[in-house]
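Visitor: Can you read through this structure? Questions will come right after.
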Amino acid sequence: MIAVAAGTNRIDPYLIPALDGVAYGLLVFVAASGLVFCFGVANILNLAHGLLYAIGGYTAAALLDGGWVSLALALGVGVLAAAAAGVLLAGLLTPIATGNHLSQALLTFGVALAGGSLLVAGFGPDDPQVQVPAALEGSVVVAGHRYAAYRLVFIVVAAVLAAALYLVVRRTRAGMLVRAAVDDPEMVACLGVSPAWIRAGVLAAAGALAGAAGVLGAPIIGPGTDTADTVLLLSLVVVVLGGLGSMAGTLLAALAIGEIQTLGVALMPSAAPFLLFAAMAAVLAVRARGLAGRWSAA
Amino acid sequence: MRSGVIRRARAGIAALVLAGLVVAPWVVDDYTTAILARTLALALVGVSVALLTGVAGMPTLGQTAPYAAGAYACAVVGSRISDVGVVQLVVAAGAGALLAAITVPLVVHARGVIVLMITLAIGELVVIVLGRWRSVTGGTDGLAGIPAVRPFWGLPALANDQARYLYALVVVATLIGAVLLLLRTRAGLVLRAGRDDETRLRASGHRVPLHLSGAHIAAGAIAGAAGSLLVVAQQYISPADFGFDTSALLLLGVVIGGTASVGGALVGAALVIAARDWLFGVLPGHAPLVLGALFVATVYLLPTGVNQARGRLRPAQAPAPQPAAAEQATVAEVRR
């Protein structure tokens, strides 16, 4: 009995960071899945993806006032604004759609640079505070620990979102087209689906996902001058680690990154900066050829 | 016959530019001289980007990583161990090469846009590490008060901006000369051939990953050496010098200049960096907006420049651009 009690005591201090890691990981998953679609389906390396998240985050900061209505409003506006930005991006990309990835990367980076500067000009250089609904501001007791209610609700909502995403990609015609476009874009074009429409649709969907993540995740990765960079980096690492086309791989990679960023920091504060690097290197060192093979085939 | 004329014209222009660069510090003021010295360092990083993107076909957004490694290694050596330029240069190049060697397993098996993605992640992660590893890097405050460099044992320390600029110019000119010579050897030919047709090069018994690793490490050493020049020029460094925007700017410069040519890359990188520094001066606060618009405009207006950046990015069935026709022959040359 004593040994068991000692065991739980040793695990106990890490329960909260581990739970935080799940919240962080699910947030990164929702944000990164947009980038995965973009890259996998439309074959675009969208360096403005972090900007789409930041749009959601700033919307949350501007509209949330502690009530549920404002949360619904912020979610609606944030998703629409980020999806519209995605469509705009698709329009900008149209003239160079047949060009190479290098020009697409430079174009999307230019948009990210200009858009980020506009956001800062509109909302000011200070990181804004985000106010969650009053009912969620308190904390609840989880296994004897106090835990922020908002994060617990976020975990549930993000899990539902992830499950819905999975079902849409697996079961609907749109999802089938998306998966087919990853494997064989020319065949999908033969089916009479215009690549331009697929590109616009995918960028809009990616924007909507990033916008939703930005609004809901604002209390976790808040809006600020380096938000876009952070989210882009985390999403890129998820794509690199998770491989393409596999939702499960993306989810696993996102959760791993969440745990590294929270539990890893709690366990090894001094090594924290290197952990993300080390994880990426380790996975790629073991699976480099496999991942690269999958990618170059797409 | 005609190519000979072009070559002579190019050599003449290069000599004129070099002469202009030598007399520049006596024409412009000290502030501009200091900016020019920093631009030289960044142009040298641009050369390493061109080497990877244009010559080896590995488009990179992460050359700021070895650049940063070289700069910090040089700053630490410069403030604690030695103020001799040659020592600092060798240490910085070694640090850049070491970081590149560590990241080799991450990049050589990937191709095309995946390389962009992985190198971008590496560059960003290095900046994060620089910001957090306070005991060595000074965190986000950076390292300041690095003593003035003396080029060689027994020589006086470089006390003013003009001397530091000329030191940077000599080092950059020497290293670029070495790169140009190296590219004329078989190694350079094999790299180009691998970029144009990897399958055929593999079939003829060349170990492509080995060549790519070599190119990656060499480019890392060049970027590391450039890092030491940044330390000499600024005597101060912080993680902000190595952000993602610097990588993207360098890639844009290299693309504008034409990725396959080292000279073009130099001019392009210098132009873009100079434009950025000038914009930050005249448009405080709005420079990123203009810079972003510049990126978009460049992609639309310079499709030919961008299209020269071939690095395995274009689908195989796309027609080859005209100026590159001569280079398509490299595979045949290597096999001969």
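If you go along the chain as it appears here, the first residue is 1 and each next one adds 1.
Glycine too: its Cβ is placed from the backbone N, Cα and C atoms.
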Visitor: Taking B:241-264, B:313-336 as the choices, which stretch does TrEMBL tie to region 'Disordered'?
Guide: B:313-336
Visitor: For the transmembrane segment (B:280-302), could you work out the same-chain residues 6 or more beyond its ends whose Cβ comes under 8 Å from its Cβ atoms?
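Guide: Distant Cβ neighbours of the transmembrane segment (B:280-302) are 245, 248-249, 252, 255-256.
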Visitor: In terms of Cβ proximity under 8 Å, which residues at least six beyond the ends of the transmembrane segment (B:210-237) contact it?
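Guide: Non-local partners: 34, 37-38, 40-42, 44-45, 47-49, 51-52, 55-56, 58, 60, 63-75, 78, 85, 88-89, 91-101, 103-104, 107-108, 142-149, 158, 164-165, 167-168, 171-172, 175, 179, 182, 187, 190-191, 194.
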